[in-house]
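According to TrEMBL, the features are:
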| type | residues | note |
| --- | --- | --- |
| BINDING | Cys511, Cys514, Cys551, Cys554 | Zn(2+) 1 binding site |
| BINDING | Cys520, Cys523, Cys538, Cys541 | Zn(2+) 2 binding site |
| DOMAIN | 283-449 | domain 'Helicase ATP-binding' |
| DOMAIN | 546-700 | domain 'Helicase C-terminal' |
Amino acid sequence: MIAKVIVDVSTNQTDRLFDYLILDEYMDTVVPGLRVVVPFGPRKVQGFVIEISETSEYPLDKLKPIQELVDVKPPITKELLSLSEWLKNETLSHHISVLKVMLPAAMRAKYKKQLWLNTSIATEESASFFRKKDAPIDWDEFQKKAKTMERKMMATFIKNNEVTVQPIVGTHETKKKRVAVKSAYTKAQLHDLLETLNKGAKKQRELIQFFINNNSNPIPVVDLISEVKTSRSTIKSLVEKGILVEEEMELRRDPYEGREFTKSKPLPLTEEQGIVLQSISESLNNEIHRTFLLRGVTGSGKTEVYLQAIEKALSLGKEAIVLVPEISLTPQMVTRFKERFGSAVAVLHSALSKGEKYDEWKRISDKEVSVAVGARSAIFAPFENLGMIIIDEEHETSYKQEESPRYHARDVAIKRGEYYQCPVILGSATPSLESYARAKKGVYQLVTMEKRVNDVRMPVVTITDMREELRQGNRSMFSNGLLDAMKVRLERREQIVLFLNRRGYSTFIMCRDCGYVAECPHCDISLTYHRANQSLQCHYCGHVETVPSRCPDCEGESIRFFGSGTQKVEEELIKVLPNIRVIRMDVDTTRKKGSHEKLLEKFGKGEGDVLLGTQMIAKGLDFPNITLVGVLAADSMLHLPDFRSAERTFQLLTQVSGRAGRHEKPGEVIIQTYTPDHYSIQDVKQHDFVSFFQKEMMVRKQGGYPPYYYLTLIHVSDVDLTNVVAVTEKITNFLKGELSEDTMVYGPVASAIPRIKDRYRYQCMIKYKVEPKLTQTLQEIIKTYQGEMSRSNLSIVIDSNPYMML
Ligand SMILES: Nc1ncnc2c1ncn2[C@@H]1O[C@H](COP(=O)(O)OP(=O)(O)OP(=O)(O)O)[C@@H](O)[C@H]1O
Ligand SMILES: [Zn+2]
Ligand SMILES: [Zn+2]
């Protein structure tokens with residue numbers, strides 16, 4: 001039998017099936033989806049079995065056999081295997097990178113290299129590097145320890161073939177192990193033993209008695225010690241006598257271990273919730289795939305609908321996936337799922353260690369759980385009887401992966417929903433324009449919830465013109481209205497959320513005399529000021545320098561930082577309201593694992609008056625005592641070179657406003673802006689998504705942007721500027737010649753950030769409505785340049801449906 005294998009070598013030449021023989025011993029165990037180790041040229045690599053076949057185009061005696069099996073059970077299910085075929089075409093990716101993205105990081109192959117002495121031709125010199133002639137040296141270790149001279153010598157030995165480099169494939173240490181012991185004797189034998197054992201050996205007798213009284217499963221040594229009140233040495237002595245045997249036990253790490261979740265009951269639904277659940281249930285019960293777009297205002301109880309929809313799927317013996325943006329994968333959200341479904345839930349998010357993620361994935365794979373809650377990659381959860389897929393905050397751009405394979409979780413969700421004929425629910429208070437347009441056309445089924453639960457009113461939104469404040473002599477970052485509103489909250493002991501829109505609003509250093517701005521020497525972007533260690537850092541390449549005390553250009557002393565970060569806001573806040581207790585949440589205060597959770601818990605307990613933060617606090621928070629939301633610099637991202645900037649502004653402002661007054665106490669929102677008349681800000685005031693949608697659609701139509709047109713962006717970069725321009729130009733011309741007349745090709749143009757890490761960046765954009773030749777033409781471009789790309793610094797990246805326009 002022949003296995004057709006995709007090997008773990010990501011190049012265009014190797015992106016095809018390779019044939020390997022299946023030896024008799026592996027005959028029944030090698031199945032599609034299994035990982036194997038195969039010889040590939042001089043090396044050994046990991047690969048995925050895609051098909052089993054009886055025949056090969058190649059003569060059988062030319063084929064090499066599969067050398068090892070990595071798994072016992074295929075980690076890629078049949079359905080995921082066929083999904084991978086589709087996804088590689090959709091994203092123009094190598095098949096291997098698609099297969100790898102479906103698995104947790106801990107399961108990706110790790111390649112190590114070893115140095116072996118070629119004893120037949122080795123000289124004394126080369127042999128002196130090896131302690132034993134027949135034992136290898138670890139390559140990484142050698143690189144770490146060797147002196148430059150030694151490394152040079154080794155390179156020569158390798159060239160002369162005196163030393164050979166051999167790669168070995170390993171996997172990451174995925175399992176956490178623990179030493180356990182069990183009895184080697186039967187219970188009857190143990191009884192006999194007890195009779196003959198010296199009466200003085202009291203400790204040993206107790207231990208033997210334990211194994212007589214209990215079942216014969218292995219027990220971890222640590223547990224045994226605490227249960228029998230025995231010692232390690234007593235256990236050891238019985239092991240030495242051969243009465244007990246040691247073995248390693250795989251240990252499951254449960255990140256929520258020790259946490260008690262009180263079971264929550266389904267709430268009686270509101271009328272709107274009931275209608276939505278009804279529609280979803282029909283699709284579920286009839287096993288007919290539908291994609292629902294659930295537009296529900298903030299606080300309308302979308303999460304409760306998800307919970308009850310999942311419950312229905314589970315009652316049919318099916319499984320469910322819930323995607324939430326990483327940023328809103330808050331403890332609050334997780335708790336709500338854990339409380340409802342208990343141990344049936346696996347949680348996958350980036351705060352988990354590699355090993356913990358693997359364990360959660362394994363629980364899904366082994367069908368120990370039936371609900372997976374997680375960020376983007378959880379869409380590949382290896383369930384095989386899916387009944388429900390939910391994407392919360394479906395407008396979030398983090399659902400698109402910004403590296404190869406550049407997939408969008410929404411597309412994957414719908415594809416899987418079709419396979420299992422189950423409902424897919426896209427939920428948001430502010431759906432993406434694309435999804436809403438599709439729902440209006442009837443491609444998705446639109447369901448809406450316009451009211452908050454329990455007749456809670458939407459918060460009153462005031463828009464404050466900061467130019468006006470300035471005219472009246474207020475130079476602080478808080479308008480008089482916001483300051484007064486905060487004072488009232490402090491008196492009433494209610495809570496405040498202060499949101500600083502940080503995107504496109506960096507803190508940079510500028511000379512007030514000559515206008516000099518500190519920029520990164522490798523990237524065309526200004527350096528960001530970090531107050532904590534008085535440094536300037538580049539957020540693209542990591543370049544760090546100290547803050548200059550004088551302007552490098554004019555030598556003036558008026559060089560200082562501009563813009564306002566959360567630290568600055570905190571300082572200013574304490575100046576005007578000295579007794580205010582601020583809980584600041586930003587990248588600096590949440591770096592440590594679990595700190596995010598702790599800060600929110602503190603705020604929830606009322607140990608802070610203000611929760612001050614960036615994007616991180618815009619979503620998912622549900623605290624009854626928040627009655628005021630203040631937005632500083634609402635328009636700071638309106639001016640980014642991105643056609644979605646208005647949409648993002650509206651979404652973010654609506655989301656953050658939605659944190660106010662969600663329960664009994666009414667909420668108020670104050671939005672500070674320099675562009676109060678912009679529709680993306682005005683429509684937040686009336687909570688009017690539909691009005692915003694209509695206006696934005698006109699803008700998109702005029703500009704020829706999605707959802708009216710599809711976009712594909714081709715990024716070209718190289719250290720050599722002339723080559724970048726030349727290649728981008730050739731590509732642009734080629735596209736213009738190949739694609740249909742109605743398709744527009746723009747370029748070559750420099751990217752919004754023209755240089756990153758000393759690489760020049762150009763791009764070319766394709767706008768089209770229908771373009772049957774697109775995939776084929778793009779593949780041709782990649783083929784044309786693949787040689788040059790593998791030899792030089794040139795890189796060409798194709799992004800269909802781009803979200804990052806920079
Ligand atoms: N049927 C119901 N009866 C009573 N309370 C409910 C009901 N449904 C939801 N709630 C409560 O209303 C509050 C808001 O609901 P939820 O957080 O689900 O809203 P949401 O639409 O997901 O909001 P957002 O999009 O703003 O995060 C929660 O505290 C929730 O427990
Ligand atoms: Zn840089
Ligand atoms: Zn200057």
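Cβ atoms here come from the backbone N, Cα and C positions, even for glycine.
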Neighbours of Cys520, Cys523, Cys538, Cys541 excl. site residues, C-beta within 8 Å of centre, Zn(2+) 2: Pro521, His522, Ile525, Leu527, His539, Tyr540, Gly542, His543, Ile756, Lys757
For Cys554 (Zn(2+) 1 binding site): intrachain residues, at least 6 apart, with Cβ closer than 8 Å: Cys511, Asp513, Cys514, Tyr516
Where the C-beta lies under 6 angstroms from ligand 3, the matching binding-site residues among Cys511, Cys514, Cys523, Cys538, Cys554: Cys511, Cys514, Cys554
Nearest of the binding-site residues (Cys520, Cys523, Cys538, Cys541) to Cys551 (Zn(2+) 1 binding site) - Cα to Cα: Cys520
DSSP three-state assignment for Cys511 (Zn(2+) 1 binding site): strand
Where the C-beta lies under 6 angstroms from ligand 2, the matching binding-site residues among Cys511, Cys514, Cys523, Cys538, Cys541, Cys554: Cys523, Cys538, Cys541
Sparsest-packed among the binding-site residues, when each Cβ's other Cβ atoms within 10 Å are tallied, from Cys511, Cys520, Cys538, Cys541, Cys551: Cys541
Entry from the binding-site residues list Cys514, Cys523 having the most other CB atoms no farther than 10 A: Cys523
Extra residues within 8 Å (Cβ to Cβ centroid of Cys511, Cys514, Cys551, Cys554), Zn(2+) 1: Arg512, Asp513, Gly515, Tyr516, Pro552, Asp553, Glu555, Gly556, Ser558, Ile559
DSSP state at Cys520 (Zn(2+) 2 binding site), helix/strand/coil: coil
